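First comes the structure, then the notes that go with it.
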Amino acid sequence: MAKKTYDLLFKLLLIGDSGVGKTCVLFRFSDDAFNTTFISTIGIDFKIKTVELQGKKIKLQIWDTAGQERFHTITTSYYRGAMGIMLVYDITNGKSFENISKWLRNIDEHANEDVERMLLGNKCDMDDKRVVPKGKGEQIAREHGIRFFETSAKANINIEKAFLTLAEDILRKTPVKEPNSENVDISSGGGVTGWKSKCC
Amino acid sequence: MEEPPLREEEEEGDGDEVGPEGALDKSPSQLTAEDVYDISYVMGRELMALGSDPRVTQLQFKIVRVLEMLEALVNEGSLEAEELRMERDSLRKELQALRREGPSAGGEVSLGPDKMVVDLTDPNRPRFTLQELRDVLQERNKLKAQLLVAQEELQCYKSGLIPPREDPGRRREKDALVARTSNASCNNEKTIIKKLFFFRSGKQT
């Protein structure tokens, strides 16, 4: 049977307005690359990246959602299984920042109660076009008790840090479960059974 | 764009009652060539009454000249007015036609505030449902997940993590697996999908 190449599987979700750079953030993390051409994500997509934290191989399955309103019924159905959600806005786009409360409400409505949330102010390389001060991002994150990073997928600022921090936060909450054998039943999803029982 | 009352009506209505003198009471913009003739008749009659003084005759020539000029201006003006009237009439007809079309066309279209019109000749028109898109995306992502698993496994074989030749015990196990029908591989597939998609299974179960 298939051999497990990881210890834990974490499911993450990227949400936020269209054009804030969710796909680019993910692409930078998964492929360490950046593309300037804007191609709107159709519905939902995902990428896989395995990282090592505290001696554990953690497979991150990162779901990238379309920000456009017309896909919302599709994308919101993916909130439920997410263990971590990255809410991305664009520091050069005031509207995308204003909509944070709307996205947070979506999380409340559709995601697991104990989902780990994180706020990202992307495009921080474009300081000349900035309209959202860093302090405002920090403030709203503090108000909601979530972590905050300013990132740039283009300049590769804080991208890996953000993903690893989110994964660490999830790992901290994950019940310690030593695999009794190397060949853990893959259908159980490894050490994430605690999560699974929660959503069923 | 209020139009003054039609000239014809005025002439027929007032002309007979008021007589030639009435023309002098008219608004300059409504003056017609007929009115100018009436005026010249009235003035000629009054000049005649003044007798045959040579100064009167001199004045008469000038008055005739002024009246001729007035006649030319009035004719020019009425020509322009006629053109404008025709243009107005054709625009009115156009507007009426549009008004008639408007509600009937709108009746088919505005079925409600949340309705949308689709141009059936547009090759880029929307034609798939959200459910169809959802299904296609799910299948795409499922296949992508399977591809990733297969790639990972292939990498394991390539890197020697999984030896191509296995010990007899495992070999037997593997043979047995293969011997099982497609049902087995189907179950196997399910577990992989389940693994990657307990996202959905969480919802459904």
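Cβ atoms are placed via backbone N, Cα and C, with glycine included.
Predicted, not measured: the structure shown is a model, and the values here were computed from it.
Per Swiss-Prot, these features apply:
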- A:Thr23, A:Thr41, A:Asp64: Mg(2+) binding site (BINDING)
- A:Lys102: ubiquitin cross-link (CROSSLNK)
- A:Lys136: ubiquitin cross-link (CROSSLNK)
- A:Lys154: ubiquitin cross-link (CROSSLNK)
- A:Cys199: S-geranylgeranyl cysteine (LIPID)
- A:Cys200: S-geranylgeranyl cysteine (LIPID)
- A:Thr73: phosphothreonine (MOD_RES)
- A:Lys102: N6-acetyllysine (MOD_RES)
- A:32-46: motif 'Switch 1' (MOTIF)
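Overlay of Swiss-Prot feature records on the structure.
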residue: A:Thr23; record: Mg(2+) binding site; Cβ within 10 Å: 23
residue: A:Thr41; record: Mg(2+) binding site; Cβ within 10 Å: 18
residue: A:Asp64; record: Mg(2+) binding site; Cβ within 10 Å: 25
residue: A:Thr73; record: phosphothreonine; Cβ within 10 Å: 13
residue: A:Lys102; record: ubiquitin cross-link; Cβ within 10 Å: 9
residue: A:Lys136; record: ubiquitin cross-link; Cβ within 10 Å: 15
residue: A:Lys154; record: ubiquitin cross-link; Cβ within 10 Å: 18
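Checking each of the recorded positions A:Thr23, A:Asp64, A:Lys102, A:Lys136 against A:Lys154 (ubiquitin cross-link) by C-alpha distance, the shortest gap belongs to A:Thr23. Comparing the Cα of A:Asp64 (Mg(2+) binding site) with the Cα of every entry in A:Thr73, A:Lys102, A:Lys136, these being the recorded positions, the smallest distance points to A:Thr73.
Less than 8 angstroms from a Cβ of chain B: among the recorded positions A:Thr23, A:Thr41, A:Thr73, A:Lys102, that describes A:Thr73.
The secondary structure of A:Lys154 (ubiquitin cross-link), as reduced to three states from DSSP, is coil rather than helix or strand.
With respect to their backbone Cα atoms, A:Lys136 (ubiquitin cross-link) and A:Thr41 (Mg(2+) binding site) stand 28 Å from each other. The residues near the Mg(2+) site, meaning same-chain residues not in A:Thr23, A:Thr41, A:Asp64 whose C-beta sits within 8 angstroms of the mean position of the site's C-beta atoms, are A:Leu14, A:Lys22, A:Leu26, A:Asp45, A:Thr65, A:Ala66, in sequence order. Look at the residue listed as 'phosphothreonine': DSSP puts it in a helix. Mapped onto three states, the DSSP output places A:Thr41 (Mg(2+) binding site) in coil. Under DSSP, A:Asp64 (Mg(2+) binding site) is assigned to a strand (E or B) in the three-state scheme. Mean model confidence for the motif 'Switch 1' (A:32-46) is a pLDDT of 94.
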